[in-house]
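S.K.: This is the structure, below, for whatever I ask next.
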Amino acid sequence: MSDKYIMAIDEGTTSTRAIIFDKKGNKVAEGQKEFRQYFPQPGWVEHDANEIWNAVLSTIANSFISSGIQPKQIAGIGITNQRETTIIWDKETGLPIYNAIVWQSRQTSDIAQKLIDEGYSDTIHEKTGLIIDAYFSATKIRWILDHVEGAQERAEKGELLFGTIDTWLTWKLTGGKVHVTDYSNASRTMLFNIHDLKWDKEILELLNIPEALLPEVKGNSEIYGQTAAYHFFGSQVPISGMAGDQQSALFGQLALEDGTVKNTYGTGSFIVMNTGNKPVLSKNNLLTTIGYSIDGKINFALEGSVFVSGSALQWLRDSMEIIESAPESERAANESTNHNEVYVVPAFTGLGAPYWDSDARGAVFGLTRGTTKNDFIKATLQSLAYQTRDVLDTMEKDTGIKIPVLRVDGGAAMNNYLLQFQSDLLNKSVERAGNLETTALGVAFLAGLAVGFWKDTDELKELFTVGRRFEPEMSDDAREYLYAGWKNAVEATRIFKHKINENL
């Protein structure tokens, strides 16, 4: 009973998990609970912040019940989270004044467009590393303050608090004593100056957001506070790690060297490159962000966000009903006999990096009378790889770094067909992590370092294993022919929607 463990709270877009890791980085227990998605209007996505909180408590309890591990055996807690999702709550009662507005939600697009029309794109990009988009927290805060009666005045009086999910959960777990976020989450708000490492007063003034709303910003591996005993089954345990989900996955992949790149195939795909101690401002619509900070040292990152990745396979299963499970897509792709002439562009919610075209919609090209169900499934699966190449090509252009290896994780990373096609299309090695729990593991590592559970990153590197390595097998001519077809399909998709808009 004297063994110690680290707990990672992994709060995602559709479910939350509490995972307990041992000293070797092995998962020894897990609790998971889904929560409801709210869609008040087309394009809007919201969560109930209290449902998320209750789901966290439930998963913590389930992880202890299933394993027999006691709360007092937890040496530290790390929190990783869906980024950008925005909550504002009453400082005294702890009650949210509106639902959490989720990162996917487009309900604040008009606020973002107004900033673009007024000419603030360059200023905000230079200060925050981000493009102006409804994706980020800033416009979501402004929307809530505009649409909840009295919210602006209460915010100015210091009666309200803002937080992304990490901040909300830390505030709740500590019994309302700690209002804090970390550099990785702060850098996704569109309010944080990544050069000064402070909330940017000019942007706050531009959006009329009171600074009193905002949390203190700290590193990713330090003790932020202790759990209130009544929220952690009688134990006060340090919360000692915090990171947005994609930065946590970067750390979980131990992508600690400059130029190392990982891709998480989740609901979307998130390709992140460690750029070291200096930010690289993209000239090609990638996002400059903070990767992680340990012992006062900042590591920056370059990111390309693809909105639809694994969710394209969910679309095949739930909406099209042509597969029964996502893993079935691998068998179908292998049984397809066509020559890759079908292209699916899954722009269901627009196109992310490097296009950032919110008006684009999904399209299919290259159908013939002989096209089969398996061909269609294969083309959908291949779209994940094509979108990833779009981002990696752009990263190489922005940084001048030739990327030799892509490290991958996430649910779709179990698909061998996808990873072989990805390697072929990139003409690069693709390495699947031995432990695919890289998001939770990353924040567990950060939490463990802060409390001495692990000594340093050298000790962590000894725990990292590659599950399988894929090498390119496709000829250069075939590779470039296929990719040229994809680029044509994307261009046609964008033209189609924009021509419709012009004719309205």
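Positions of Cβ are set from backbone N, Cα and C atoms, glycine also.
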S.K.: According to Swiss-Prot, R83, E84, D245, Q246 bind glycerol; which of Y135, Y183, Y292 is also listed for that site?
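M.R.: Checking Y135, Y183, Y292 against Swiss-Prot: the glycerol site match is Y135.
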S.K.: In Swiss-Prot, T13, T14, S15, G310, Q314, G411 are given as binding ATP, so which of T59, T267, T368, T371 is in that site too?
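M.R.: ATP site check in Swiss-Prot: besides T13, T14, S15, G310, Q314, G411, the record includes T267 out of T59, T267, T368, T371.
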S.K.: Using other CB atoms within 10 angstroms as the count, which residue among the binding-site residues R17, R83 scores least?
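M.R.: Counting other Cβ atoms within 10 Å of each of the binding-site residues R17, R83 gives the minimum at R17.
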S.K.: C-alpha of Q314 (ATP binding site) to C-alpha of N415 (ADP binding site): distance in Å?
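M.R.: Their Cα atoms are separated by 14 Å.
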S.K.: When DSSP is mapped onto helix/strand/coil, what comes out for G310 (ATP binding site)?
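M.R.: It is helical.
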S.K.: On a C-alpha basis, identify the one among Y135, H231, D245, Q246, T267 that is nearest to R17 (ADP binding site); the candidates are the recorded positions.
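M.R.: Sorting the recorded positions by distance from R17 (ADP binding site), the top entry is D245.
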S.K.: Minimum Cβ neighbour count within 10 Å among the binding-site residues T14, S15, Q314: which residue?
M.R.: T14
